Amino acid sequence: MDNNMEIDAARSPEPHHLSPTTDPGSIPTLDGWIESLMTCKQLAEEDVRRLCDRAREVLQEESNVQPVKCPVTVCGDIHGQFHDLMELFRIGGPNPDTNYLFMGDYVDRGYYSVETVTLLVCLKIRYPQRITILRGNHESRQITQVYGFYDECLRKYGNANVWKYFTDLFDYLPLTALIENQIFCLHGGLSPSIDTLDNIRSLDRIQEVPHEGPMCDLLWSDPDDRCGWGISPRGAGYTFGQDISEAFNHNNGLTLVARAHQLVMEGYNWSQDRNVVTIFSAPNYCYRCGNQAAIMEIDEHLKYTFLQFDPCPRAGEPMVSRRTPDYFL
(Lines of atoms letter the chains of each structure in order from A and count residues from 1; the text may use other names and numbers.)
(Lines give C-alpha, C1' and ligand atoms only; values in the text may rest on other atoms or scores of the structure.)
Protein backbone atom coordinates (compact mmCIF):
# COMPACT_ATOMS: atom_id res chain seq x y z
CA MET A 1 0.00 0.00 0.00
CA ASP A 2 1.23 3.50 -0.76
CA ASN A 3 2.37 5.39 2.32
CA ASN A 4 0.31 8.40 1.33
CA MET A 5 -2.81 6.26 1.54
CA GLU A 6 -2.38 5.82 5.29
CA ILE A 7 -5.13 7.91 6.79
CA ASP A 8 -6.54 8.82 10.18
CA ALA A 9 -9.38 6.34 9.71
CA ALA A 10 -6.85 3.50 9.82
CA ARG A 11 -5.54 4.47 13.24
CA SER A 12 -6.90 2.22 15.94
CA PRO A 13 -9.04 2.98 18.96
CA GLU A 14 -7.96 1.83 22.38
CA PRO A 15 -7.57 -1.96 22.36
CA HIS A 16 -10.16 -4.14 24.07
CA HIS A 17 -8.59 -5.81 27.10
CA LEU A 18 -9.73 -8.58 29.41
CA SER A 19 -8.13 -9.54 32.69
CA PRO A 20 -4.95 -11.70 32.60
CA THR A 21 -6.79 -14.49 34.42
CA THR A 22 -9.39 -14.85 31.68
CA ASP A 23 -9.33 -18.22 29.90
CA PRO A 24 -8.87 -17.55 26.15
CA GLY A 25 -10.70 -20.78 25.38
CA SER A 26 -13.83 -19.93 27.37
CA ILE A 27 -17.00 -19.02 25.54
CA PRO A 28 -17.65 -15.78 27.51
CA THR A 29 -14.10 -14.59 26.83
CA LEU A 30 -14.27 -15.38 23.11
CA ASP A 31 -17.72 -13.83 22.79
CA GLY A 32 -16.42 -10.65 24.42
CA TRP A 33 -13.45 -10.54 22.08
CA ILE A 34 -15.64 -11.18 19.02
CA GLU A 35 -18.11 -8.47 20.06
CA SER A 36 -15.27 -5.97 20.36
CA LEU A 37 -13.60 -7.04 17.13
CA MET A 38 -16.86 -6.75 15.18
CA THR A 39 -16.67 -3.01 15.90
CA CYS A 40 -13.11 -2.96 14.48
CA LYS A 41 -11.41 -2.63 17.88
CA GLN A 42 -8.12 -4.48 18.20
CA LEU A 43 -7.38 -6.76 21.16
CA ALA A 44 -4.69 -5.96 23.69
CA GLU A 45 -1.29 -7.48 22.92
CA GLU A 46 -1.45 -9.99 25.78
CA ASP A 47 -4.89 -11.14 24.65
CA VAL A 48 -3.56 -11.70 21.13
CA ARG A 49 -0.77 -13.83 22.58
CA ARG A 50 -3.24 -15.99 24.50
CA LEU A 51 -5.58 -16.16 21.51
CA CYS A 52 -2.79 -17.43 19.25
CA ASP A 53 -1.67 -19.98 21.85
CA ARG A 54 -5.20 -21.38 21.97
CA ALA A 55 -5.60 -21.27 18.19
CA ARG A 56 -2.41 -23.24 17.70
CA GLU A 57 -3.89 -26.07 19.80
CA VAL A 58 -6.97 -26.13 17.57
CA LEU A 59 -5.18 -25.84 14.22
CA GLN A 60 -2.48 -28.42 14.89
CA GLU A 61 -5.22 -31.06 15.06
CA GLU A 62 -6.36 -30.26 11.52
CA SER A 63 -5.18 -32.02 8.38
CA ASN A 64 -3.18 -30.66 5.45
CA VAL A 65 -6.31 -31.62 3.50
CA GLN A 66 -8.98 -30.58 5.98
CA PRO A 67 -12.36 -32.28 5.39
CA VAL A 68 -15.34 -29.91 5.19
CA LYS A 69 -19.05 -30.74 5.04
CA CYS A 70 -21.85 -29.03 3.15
CA PRO A 71 -23.49 -26.59 3.28
CA VAL A 72 -20.56 -24.17 3.26
CA THR A 73 -19.72 -20.75 1.86
CA VAL A 74 -16.29 -20.49 0.21
CA CYS A 75 -14.41 -17.17 0.31
CA GLY A 76 -11.28 -15.83 -1.37
CA ASP A 77 -8.78 -13.11 -0.48
CA ILE A 78 -9.72 -10.53 2.19
CA HIS A 79 -6.44 -8.58 2.52
CA GLY A 80 -7.20 -6.55 5.61
CA GLN A 81 -10.37 -4.98 4.17
CA PHE A 82 -12.24 -5.35 7.45
CA HIS A 83 -15.39 -3.44 6.54
CA ASP A 84 -15.73 -5.49 3.38
CA LEU A 85 -15.45 -8.63 5.52
CA MET A 86 -18.40 -7.27 7.52
CA GLU A 87 -20.27 -6.85 4.23
CA LEU A 88 -19.33 -10.44 3.32
CA PHE A 89 -20.89 -11.68 6.57
CA ARG A 90 -23.97 -9.53 5.92
CA ILE A 91 -24.37 -11.06 2.44
CA GLY A 92 -23.43 -14.62 3.37
CA GLY A 93 -24.92 -14.80 6.86
CA PRO A 94 -23.42 -14.50 10.35
CA ASN A 95 -21.39 -17.05 12.25
CA PRO A 96 -22.30 -19.64 13.37
CA ASP A 97 -25.48 -19.73 11.25
CA THR A 98 -23.40 -20.04 8.07
CA ASN A 99 -20.44 -22.40 7.68
CA TYR A 100 -17.44 -20.64 6.12
CA LEU A 101 -14.28 -21.74 4.35
CA PHE A 102 -11.70 -18.99 3.82
CA MET A 103 -8.88 -19.71 1.37
CA GLY A 104 -6.18 -17.43 2.77
CA ASP A 105 -4.70 -13.95 2.35
CA TYR A 106 -6.29 -12.31 5.37
CA VAL A 107 -3.53 -9.73 5.82
CA ASP A 108 -1.49 -7.13 3.89
CA ARG A 109 -2.50 -4.24 1.64
CA GLY A 110 -5.74 -3.27 3.42
CA TYR A 111 -5.92 -0.89 6.38
CA TYR A 112 -7.17 -3.40 8.96
CA SER A 113 -5.13 -6.60 8.72
CA VAL A 114 -4.80 -6.80 12.52
CA GLU A 115 -8.53 -6.64 13.18
CA THR A 116 -9.37 -8.90 10.22
CA VAL A 117 -7.07 -11.77 11.11
CA THR A 118 -7.79 -11.48 14.84
CA LEU A 119 -11.53 -11.76 14.22
CA LEU A 120 -11.19 -14.76 11.90
CA VAL A 121 -8.95 -16.57 14.39
CA CYS A 122 -11.41 -15.79 17.22
CA LEU A 123 -14.28 -17.18 15.16
CA LYS A 124 -12.23 -20.29 14.39
CA ILE A 125 -11.69 -21.00 18.09
CA ARG A 126 -15.27 -20.15 19.05
CA TYR A 127 -16.86 -22.24 16.25
CA PRO A 128 -14.16 -24.73 15.18
CA GLN A 129 -16.60 -26.93 13.22
CA ARG A 130 -18.24 -23.95 11.52
CA ILE A 131 -15.27 -22.11 10.05
CA THR A 132 -12.17 -23.31 8.21
CA ILE A 133 -9.25 -20.95 7.61
CA LEU A 134 -6.56 -22.00 5.12
CA ARG A 135 -3.11 -20.54 4.57
CA GLY A 136 -2.48 -18.10 1.74
CA ASN A 137 0.84 -16.97 0.34
CA HIS A 138 0.54 -13.77 2.43
CA GLU A 139 0.35 -15.79 5.66
CA SER A 140 4.14 -15.69 5.69
CA ARG A 141 6.86 -13.90 7.63
CA GLN A 142 8.70 -12.70 4.54
CA ILE A 143 5.68 -11.49 2.58
CA THR A 144 4.09 -9.63 5.51
CA GLN A 145 7.29 -7.68 6.12
CA VAL A 146 6.96 -6.21 2.63
CA TYR A 147 3.22 -5.77 2.03
CA GLY A 148 1.92 -4.11 5.17
CA PHE A 149 1.01 -6.42 8.06
CA TYR A 150 4.35 -6.01 9.84
CA ASP A 151 4.22 -2.23 9.60
CA GLU A 152 0.58 -2.17 10.71
CA CYS A 153 1.44 -4.20 13.83
CA LEU A 154 4.27 -1.78 14.65
CA ARG A 155 1.96 1.20 14.19
CA LYS A 156 -0.91 -0.21 16.24
CA TYR A 157 1.03 -1.92 19.04
CA GLY A 158 4.36 -0.11 19.11
CA ASN A 159 6.35 -3.32 18.64
CA ALA A 160 6.45 -6.47 16.50
CA ASN A 161 5.16 -8.93 19.11
CA VAL A 162 1.66 -9.28 17.63
CA TRP A 163 3.18 -9.78 14.18
CA LYS A 164 5.30 -12.59 15.61
CA TYR A 165 2.35 -14.23 17.40
CA PHE A 166 0.33 -14.34 14.19
CA THR A 167 3.12 -15.33 11.81
CA ASP A 168 4.07 -18.17 14.16
CA LEU A 169 0.40 -19.22 14.13
CA PHE A 170 0.25 -19.09 10.33
CA ASP A 171 2.59 -22.11 10.21
CA TYR A 172 -0.26 -24.21 11.64
CA LEU A 173 -2.97 -23.23 9.14
CA PRO A 174 -4.14 -26.11 6.90
CA LEU A 175 -2.90 -25.92 3.32
CA THR A 176 -6.04 -27.19 1.58
CA ALA A 177 -9.59 -28.35 2.24
CA LEU A 178 -11.81 -31.01 0.67
CA ILE A 179 -15.57 -30.44 0.56
CA GLU A 180 -17.50 -33.72 0.67
CA ASN A 181 -14.58 -35.50 -1.07
CA GLN A 182 -15.45 -33.65 -4.30
CA ILE A 183 -14.45 -29.97 -4.26
CA PHE A 184 -10.77 -29.28 -3.59
CA CYS A 185 -10.07 -25.84 -2.10
CA LEU A 186 -6.74 -24.07 -1.69
CA HIS A 187 -5.25 -20.62 -2.03
CA GLY A 188 -3.06 -20.89 -5.13
CA GLY A 189 -3.02 -23.94 -7.35
CA LEU A 190 -1.53 -27.27 -8.33
CA SER A 191 2.05 -28.53 -8.19
CA PRO A 192 4.14 -30.77 -10.45
CA SER A 193 5.29 -32.46 -7.24
CA ILE A 194 1.74 -33.47 -6.27
CA ASP A 195 -0.37 -36.08 -8.04
CA THR A 196 -2.67 -37.15 -5.21
CA LEU A 197 -4.25 -35.70 -2.09
CA ASP A 198 -2.21 -38.18 -0.07
CA ASN A 199 0.92 -36.43 -1.38
CA ILE A 200 -0.40 -33.28 0.31
CA ARG A 201 -1.34 -35.09 3.50
CA SER A 202 2.26 -36.29 3.85
CA LEU A 203 3.78 -32.77 3.77
CA ASP A 204 5.21 -31.16 6.90
CA ARG A 205 3.34 -27.85 6.87
CA ILE A 206 4.57 -26.47 10.21
CA GLN A 207 7.13 -24.10 8.71
CA GLU A 208 7.54 -20.79 6.91
CA VAL A 209 6.34 -21.03 3.32
CA PRO A 210 9.36 -22.33 1.34
CA HIS A 211 10.64 -20.56 -1.77
CA GLU A 212 10.00 -23.65 -3.89
CA GLY A 213 8.55 -27.15 -3.70
CA PRO A 214 5.04 -28.55 -3.28
CA MET A 215 3.98 -26.45 -0.27
CA CYS A 216 5.07 -23.28 -2.05
CA ASP A 217 3.24 -24.30 -5.22
CA LEU A 218 -0.08 -24.89 -3.44
CA LEU A 219 -0.03 -21.29 -2.21
CA TRP A 220 1.46 -19.58 -5.28
CA SER A 221 0.46 -21.35 -8.54
CA ASP A 222 -2.09 -20.06 -11.07
CA PRO A 223 -4.20 -21.62 -13.86
CA ASP A 224 -3.20 -20.64 -17.38
CA ASP A 225 -4.56 -20.85 -20.93
CA ARG A 226 -1.46 -22.77 -22.04
CA CYS A 227 -1.23 -26.53 -21.54
CA GLY A 228 1.22 -28.17 -19.18
CA TRP A 229 3.38 -26.55 -16.55
CA GLY A 230 4.87 -23.10 -17.03
CA ILE A 231 7.18 -20.73 -15.21
CA SER A 232 5.15 -18.37 -13.03
CA PRO A 233 5.65 -14.63 -13.55
CA ARG A 234 5.20 -14.29 -9.78
CA GLY A 235 8.62 -15.83 -9.17
CA ALA A 236 7.14 -18.68 -7.11
CA GLY A 237 4.89 -21.59 -7.96
CA TYR A 238 3.92 -22.58 -11.51
CA THR A 239 1.27 -21.96 -14.11
CA PHE A 240 -0.80 -25.04 -15.00
CA GLY A 241 -2.99 -25.78 -17.99
CA GLN A 242 -6.38 -27.41 -18.44
CA ASP A 243 -4.73 -30.76 -19.13
CA ILE A 244 -3.17 -30.61 -15.66
CA SER A 245 -6.35 -29.70 -13.78
CA GLU A 246 -8.44 -32.25 -15.69
CA ALA A 247 -5.98 -35.04 -14.87
CA PHE A 248 -5.72 -33.99 -11.22
CA ASN A 249 -9.49 -33.88 -10.78
CA HIS A 250 -9.98 -37.20 -12.57
CA ASN A 251 -7.23 -39.00 -10.65
CA ASN A 252 -8.52 -37.78 -7.29
CA GLY A 253 -12.26 -38.20 -7.89
CA LEU A 254 -12.85 -34.44 -7.79
CA THR A 255 -15.41 -32.32 -9.60
CA LEU A 256 -13.75 -28.93 -9.10
CA VAL A 257 -10.70 -27.03 -7.87
CA ALA A 258 -11.75 -23.82 -6.07
CA ARG A 259 -8.98 -21.32 -5.43
CA ALA A 260 -8.32 -17.62 -4.76
CA HIS A 261 -5.02 -15.72 -5.20
CA GLN A 262 -5.93 -13.71 -8.32
CA LEU A 263 -7.93 -10.53 -8.76
CA VAL A 264 -10.95 -11.21 -11.00
CA MET A 265 -13.13 -8.24 -11.85
CA GLU A 266 -16.50 -9.96 -11.33
CA GLY A 267 -15.41 -11.60 -8.05
CA TYR A 268 -15.34 -15.10 -9.53
CA ASN A 269 -14.13 -16.63 -12.77
CA TRP A 270 -14.50 -20.08 -14.31
CA SER A 271 -11.52 -21.44 -16.23
CA GLN A 272 -10.20 -24.59 -17.83
CA ASP A 273 -13.59 -25.91 -18.96
CA ARG A 274 -14.99 -25.45 -15.45
CA ASN A 275 -12.34 -27.61 -13.83
CA VAL A 276 -11.15 -24.54 -11.88
CA VAL A 277 -12.94 -21.56 -10.34
CA THR A 278 -11.20 -18.49 -8.90
CA ILE A 279 -12.94 -16.63 -6.06
CA PHE A 280 -11.84 -13.18 -4.90
CA SER A 281 -13.58 -11.62 -1.90
CA ALA A 282 -11.94 -8.18 -1.55
CA PRO A 283 -14.11 -5.64 -3.44
CA ASN A 284 -12.40 -2.56 -4.87
CA TYR A 285 -9.10 -4.25 -4.05
CA CYS A 286 -6.50 -1.96 -2.49
CA TYR A 287 -9.27 0.68 -2.46
CA ARG A 288 -8.62 1.43 -6.12
CA CYS A 289 -9.12 -1.55 -8.48
CA GLY A 290 -12.88 -1.18 -8.96
CA ASN A 291 -13.61 -4.92 -8.89
CA GLN A 292 -16.61 -6.72 -7.45
CA ALA A 293 -16.10 -9.43 -4.83
CA ALA A 294 -17.82 -12.81 -4.63
CA ILE A 295 -18.39 -15.78 -2.38
CA MET A 296 -19.53 -19.26 -3.42
CA GLU A 297 -22.40 -20.86 -1.52
CA ILE A 298 -22.46 -24.66 -1.75
CA ASP A 299 -25.65 -26.33 -0.54
CA GLU A 300 -26.17 -29.79 0.91
CA HIS A 301 -26.59 -31.18 -2.62
CA LEU A 302 -23.26 -29.69 -3.78
CA LYS A 303 -25.05 -27.13 -5.93
CA TYR A 304 -23.24 -23.79 -5.95
CA THR A 305 -24.36 -20.20 -6.19
CA PHE A 306 -22.14 -17.13 -6.45
CA LEU A 307 -23.04 -14.02 -4.47
CA GLN A 308 -21.35 -10.85 -5.70
CA PHE A 309 -20.95 -7.70 -3.64
CA ASP A 310 -19.48 -4.22 -3.81
CA PRO A 311 -17.60 -2.32 -1.10
CA CYS A 312 -19.45 -0.26 1.49
CA PRO A 313 -18.76 3.48 1.15
CA ARG A 314 -16.85 4.57 4.24
CA ALA A 315 -16.00 8.05 5.43
CA GLY A 316 -12.34 8.90 5.06
CA GLU A 317 -11.41 6.11 2.66
CA PRO A 318 -10.77 6.76 -1.02
CA MET A 319 -13.39 5.65 -3.52
CA VAL A 320 -12.91 4.95 -7.21
CA SER A 321 -15.27 4.23 -10.05
CA ARG A 322 -15.01 0.73 -11.44
CA ARG A 323 -12.31 0.34 -14.03
CA THR A 324 -10.04 -2.33 -15.42
CA PRO A 325 -6.83 -2.49 -13.38
CA ASP A 326 -3.56 -1.74 -15.12
CA TYR A 327 -2.05 -4.91 -13.70
CA PHE A 328 -2.75 -7.67 -11.22
CA LEU A 329 -1.59 -6.56 -7.77
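Residue numbers in this text run from 1 along the chain shown.
Every residue gets a Cβ built from N, Cα and C, even glycine.
From the candidate list D53, D97, D105, the residue Swiss-Prot records in the Mn(2+) 1 site shared with D77, H79 is D105.
Swiss-Prot lists D105, N137, H187 as binding Mn(2+) 2, and of H250, H261 the one it places in that same site is H261. Mapped onto three states, the DSSP output places H79 (Mn(2+) 1 binding site) in coil. The 10 Å shell around the Cβ of D77 (Mn(2+) 1 binding site) contains 28 further Cβ atoms across the protein chains shown. Listed in chain order, the extra residues whose Cβ falls within 8 Å of the Cβ center of the Mn(2+) 1 site residues D77, H79, D105 are G76, I78, G80, G104, Y106, V107, D108, R109, G136, H138, A260, F280, S281, A282. Residue environment of H138 (active site, proton donor) contains 27 other Cβ atoms, counted within 10 Å of its Cβ in all protein chains.
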